[in-house]
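Okay, structure first, notes after.
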Amino acid sequence: MKRQAEAKLPTDWGEFKIIAYSDNENDWMPHLVMISENTDLSQTVNVRIHSECITGDLFHSKRCDCGKQLDAAIKYIHENGGVLLYLRQEGRNIGIINKLKAYNLQDKGLNTAEANIELGFPADGRDFKIAVEILEELGIKSINLLTNNPEKISFINDSSIQLINRIPLEIAPEKENLDYLKTKKNFFGHFLNNI
Ligand SMILES: Nc1nc2c(ncn2[C@@H]2O[C@H](COP(=O)(O)OP(=O)(O)OP(=O)(O)O)[C@@H](O)[C@H]2O)c(=O)[nH]1
Ligand SMILES: [Zn+2]
């Protein structure tokens, strides 16, 4: 995992720097990092570790809360300083094709975890090793993490990175994603108070 390229990135939210990380300089899908201007990486840094969800992040799908979490995280990071890690872990690491197959199974009554298992995958195929590697490469030693996911918390707690605070990133449920959020809370143990 290496820093392959970086550039200034002005956005609707404000000024960021974007960095692409990959083993291979010709990788078309490198992990991406957005750093808000004036972020001091030697202090405790606000960090969002976001797993790619093209349907939610780009097409504003209502099946999940990913797109709204991404927008809220970028806004928070712009306002308070911080770093967004955009990890290419589409569909909790099963890829977009399998995620669409999982959606069909969910339409037949399976929940998000059961659908993954029915397709022969773990309920959640991610780990956050890459996130730790990237944070280390950036020289970050201490973070506040924007998440509701207890797995991310324990992964960071077992790493070289010091976790100071969890910043909740809870989105108001809608009827289309209520079952999805219930599974997040009841099966995966996410800290969700509005469900
Ligand atoms: N396999 C599968 N993946 C999904 C589904 N809905 C969303 N995802 C993926 O789930 C990932 C986001 O993970 P979530 O569990 O929603 O949230 P999280 O990032 O673990 O937790 P937070 O930090 O609180 O947001 C993205 O990669 C999405 O593409 C689904 O129904 N099936
Ligand atoms: Zn999503």
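Including glycine, each Cβ sits where the backbone N, Cα and C put it.
Binding of GTP is annotated in TrEMBL for Arg48, Ile49, His50, Ser51, Glu52, Glu90, Gly91, Arg92, Thr112, Thr147, Lys152; the matching candidate from Gln69, Gln162 at the same site is Gln69. Using a 10 angstroms CA-CA radius around Glu52 (GTP binding site), the recorded positions that qualify from Cys64, Cys66, Asp124, Arg126 are Cys66.
Annotated pair Asp124 (active site, proton acceptor) and Cys66 (Zn(2+) binding site), C-alpha to C-alpha distance, rounded: 15 Å. When the recorded positions Cys64, Cys66, Arg126 are ranked by how far their Cα is from the Cα of His50 (GTP binding site), Cys66 comes first. Checked against ligand 2, the recorded positions Cys53, Glu90, Asp124, Arg126, Thr147 give Cys53 in sequence order as having a Cβ less than 6 Å away from one of its atoms. Of the chain residues outside the Zn(2+) site list Cys53, Cys64, Cys66, Thr55, Gly56, Asp57, Ser61, Arg63, Asp65, Gly67, Gln69 have their Cβ within 8 Å of the site's Cβ mean position.
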